[in-house]
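Copied over from Swiss-Prot, here are the features:
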- 166-173, 191-195, 212-215, 279-282, 308-310: GTP binding site (BINDING)
- Ser173, Thr193: Mg(2+) binding site (BINDING)
- 1-159: domain 'Obg' (DOMAIN)
- 160-327: domain 'OBG-type G' (DOMAIN)
Amino acid sequence: MKFLDQARIYIRSGDGGAGCLSFRHEKFIEFGGPDGGDGGRGGDVVALCVEGLNTLIDYRYQQHFKAKTGTHGMGKNRAGARGADCILKVPAGTQIFDEDGETLIADLTEIGQSVCLARGGNGGFGNAHFKTSTNQAPRRANPGQEGEEMTLWLRLKLIADAGLVGLPNAGKSTFLSTVSAARPKIADYPFTTLHPQLGVVAYGDREFVLADIPGLIEGAHEGVGLGDRFLGHVERCRVLLHLVDAGCEHAGKAYKTIRKELAAYGNGLDEKPEIVALSKIDTVDAETLKNQMARLKRAAKRTPLKLSAATHTNLTETLQSLLAAIDAAGAAQEAAAEPAATSWHPCD
């Protein structure tokens with residue numbers, strides 16, 4: 001499936017139905033009076049967060065969406081039916097912005113969450129609505145109210161338990177394909193991964209979602225190599241697994257490059273829990289591995305893990321560390337969401 005994390009769409013809610021101009025016609029009743037019903041309300045345009053989606057690719061092929069118009073009112077005081085809503089199905093993590101691309105309208109992060117983007121127009125009043133003691137036969141009815149129209153931006157930030165970050169060709173895609181059923185493109189050259197990939201990792205009786213973020217380079221926070229869009233996906237990850245290629249020139253410098261970009265992007269990316277690992281250790285000799293581990297340890301100020309997805313070396317330890325970090329991050333989020341307990345005293 002192709003990946004699309006940004007789309008521009010045009011929406012319009014339904015117009016309200018017109019009120020009816022009608023009079024009661026029955027045998028032996030000469031002046032039956034008005035009986036025109038009201039028009040139905042137009043349909044709304046609603047964005048709904050659904051499961052089973054992880055891309056906005058559907059909005060590449062259709063960008064115009066319109067809800068149905070309300071039915072016109074009818075005689076015998078029959079009101080028109082309400083117009084059908086237009087439902088925009090989006091994946092969890094979708095943000096909806098105004099046409100300027102900066103004003104946030106909604107942030108849909110949970111399955112089942114919805115937001116009304118454009119409200120349908122009200123139906124017009126039929127002539128029965130205008131009957132008074134001094135005007136027994138009104139000959140007026142209102143047209144329906146026009147619907148709302150607007151242009152919006154949809155932006156997707158993938159929601160995952162853990163995210164893989166690192167320089168291009170650090171072994172992220174190989175790691176994801178080894179520990180999950182995801183099958184990203186893998187090749188021995190930089191920028192093989194051009195779009196974020198999601199995989200479900202099963203470990204024991206537990207499962208968690210792992211995101212492979214395309215390789216970041218220096219200047220990513222300024223948009224170099226589409227890095228600013230890729231960094232946006234990191235925002236929704238609870239934990240980061242930072243992979244550093246053991247075969248790179250200097251593991252410490254490679255680590256600091258990514259940390260610098262996370263800090264420069266902001267939004268707390270550099271404050272997220274992080275597990276550091278030296279990857280592709282099967283590609284270097286023992287002496288090089290020792291030197292790279294020492295450099296990475298000095299830069300990260302912690303003892304990094306070392307692994308090889310190709311030979312399945314230390315994958316179990318890495319997944320255990322990831323699960324522990326995910327659980328700790330989840331507990332911290334729940335604790336922060338709970339209201340602070342207040343002590344009660346009868347004299348207060």
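The first residue you see is number 1, and the count goes up from there.
For all residues, glycine too, the Cβ spot is worked out from N, Cα and C.
Feature annotations (Swiss-Prot) mapped to structure.
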| residue | record | DSSP class |
| --- | --- | --- |
| Gly166 | GTP binding site | coil |
| Lys172 | GTP binding site | helix |
| His195 | GTP binding site | coil |
| Pro214 | GTP binding site | coil |
| Lys280 | GTP binding site | coil |
| Ser308 | GTP binding site | strand |
Would you pick out, from the binding-site residues Lys172, His195, Lys280, the residue whose Cβ has the largest number of other Cβ atoms within 10 Å?
Lys172
Binding-site residues Gly166, His195, Pro214: which have a Cα within 10 Å of Ser173 (Mg(2+) binding site)?
Pro214
Averaged over the domain 'Obg' (1-159), what pLDDT does the predicted model reach?
91
State the count of C-beta atoms found within 10 angstroms of the C-beta of Ser173 (Mg(2+) binding site), not counting that atom itself.
24
Is it possible to get the count of other C-beta atoms within 10 angstroms of the C-beta of Gly166 (GTP binding site)?
27
